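Scroll down for the structure; my scribbles are underneath it.
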Amino acid sequence: MAGGEAGVTLGQPHLSRQDLATLDVTKLTPLSHEIISRQATINIGTIGHVAHGKSTVVKAISGVHTVRFKNELERNITIKLGYANAKIYKLDDSSCPRPECYRSCGSSTPDEFPSDIPGIKGNFRLVRHVSFVDCPGHDILMATMLNGAAVMDAALLLIAGNESCPQPQTSEHLAAIEIMKLKHILILQNKIDLVKESQAKEQYEQILAFVQGTVAEGAPIIPISAQLKYNIEVVCEYIVKKIPVPLRDFTSEPRLIVIRSFDVNKPGCEVDDLKGGVAGGSILKGVLKVGQEIEVRPGIVSKDSEGKLMCKPIFSKIVSLFAEHNDLQYAAPGGLIGVGTKIDPTLCRADRMVGQVLGAVGALPEIFTELEISYFLLRRLLGVRTEGDKKAAKVQKLSKNEVLMVNIGSLSTGGRVSAVKADLGKIVLTNPVCTEVGEKIALSRRVEKHWRLIGWGQIRRGVTIKPTIDDE
């Protein structure tokens, strides 16, 4: 943060000021100007089969390339969840025809700029600030997506116009959206520049048939070309008109699920210049403020002399908050937020804190080591290509002592099934997790060397452990 008075943002002077002294959380909404000027308040997932153009669409709308890692660029696939924020603007001159009156820009663009359309005056004004969660498309990475989906308000389902619909992962992702109870979906028929008009129409019929009876039934289908940025402003218009602004809770104690964490210090840094670890995640509820005392659970996990699990929550203080390159004084629920802390950076490096929960001291949920869940299994394995007209493999029932992968919030951990009834199961977790009764979890099983989604469950109750807190 640039110097000056504490509690007032001074970085990016062209954006709206945030002042902690005058902050009244009861008056905030997901469209409050001082919030959307600097951070996203709506999360939209991009889902669909591999190489159907999910990352390209995000880049066309936000200008940010979500493929950040070298091995991802070379293989042209997204492995970690990518995030990109975009501001959506609407021209205030009503004589401008739709969809030209909508425009999208990166998150550090000023909140208002003059029209550059010939013959039309007026200003483009900021109406939404959205965050795209670019989900990996491969089925092994399905778990990553269910983790990311813990914080999605809507989804863009991408279908490539030059392949038949549906492709295996398209159906697997639709199933994941149903599990997540996402109601708001836009279907984008991409790569429209590569096919004849008749092919596009034929595929449009295929898409309609495919989504019938699913959550995506009745969703708008927009033909686009992400590479040529064709029809992108139509997507912006639909995001504004069709995706309702989610109801958010600004007044509860804040809680953030950590999806990324890193050490920002360069090697060879002087001791006095060391910065604390940074945790990145999406705030589920409440407002985090610079200077606030925080707690991270489960914290440091170890075993005592008898081999029993112990958790020692980490206590720290927020020294900075940011959304992409924008400094914040306070952060609200919505897009990905970076939280600069005073935590020992080695605890944060290379995503070590993923799956932890950060929030106000003493207000976080319990830490569980065993869960009792009510669960539902899918009838068939999703996304497996089957030879000829054989149906996809059936999902076998849960068996006692088998090991599953359990996804809770942003944590993926192993779990051994210790008891199982018709629709109730007990699972002993490999890693303790901070969660609460009623949370949804996803279950995956190893099938032919890959983790495949087999069902989901809801936490009924469980065995919790008391965190160890140093008596200082």
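Even glycines carry a Cβ here, placed using N, Cα and C.
Database features, via Swiss-Prot:
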- Ala2: N-acetylalanine (MOD_RES)
- Ser16: phosphoserine (MOD_RES)
- 39-247: domain 'tr-type G' (DOMAIN)
- 48-55: region 'G1' (REGION)
- Ala51, His52, Gly53, Lys54, Ser55, Thr56, Asn190, Lys191, Ile192, Asp193, Ser225, Ala226, Gln227: GTP binding site (BINDING)
- 76-80: region 'G2' (REGION)
- 134-137: region 'G3' (REGION)
- 190-193: region 'G4' (REGION)
For the region 'G4' (190-193), what are the same-chain contacts with Cβ under 8 Å, counting residues 6+ beyond its ends? 52-53, 56-57, 158-162, 200, 223-228, 230-231
Under 8 Å Cβ to Cβ from Ser225 (GTP binding site), same chain, six or more residues apart: give me those in sequence order, or none if nothing qualifies. Asn190, Lys191, Ile192, Asp193, Asn231
Mind giving me a neighbour count for Gln227 (GTP binding site)? Other Cβ atoms within 10 Å of its Cβ, every protein chain shown. 15
Could you put numbers on the helix, strand and coil content of the region 'G4' (190-193), residue by residue per DSSP? 2 helix, 1 strand, 1 coil
Averaging the pLDDT values of the region 'G1' (48-55) gives 63
Judged by the number of other CB atoms within 10 angstroms, which among Ser55, Asn190, Ile192 is the least packed of the binding-site residues? Ile192
According to DSSP, Gln227 (GTP binding site) sits in coil
Can you tell me whether DSSP puts Ser55 (GTP binding site) in helix, strand or coil? helix
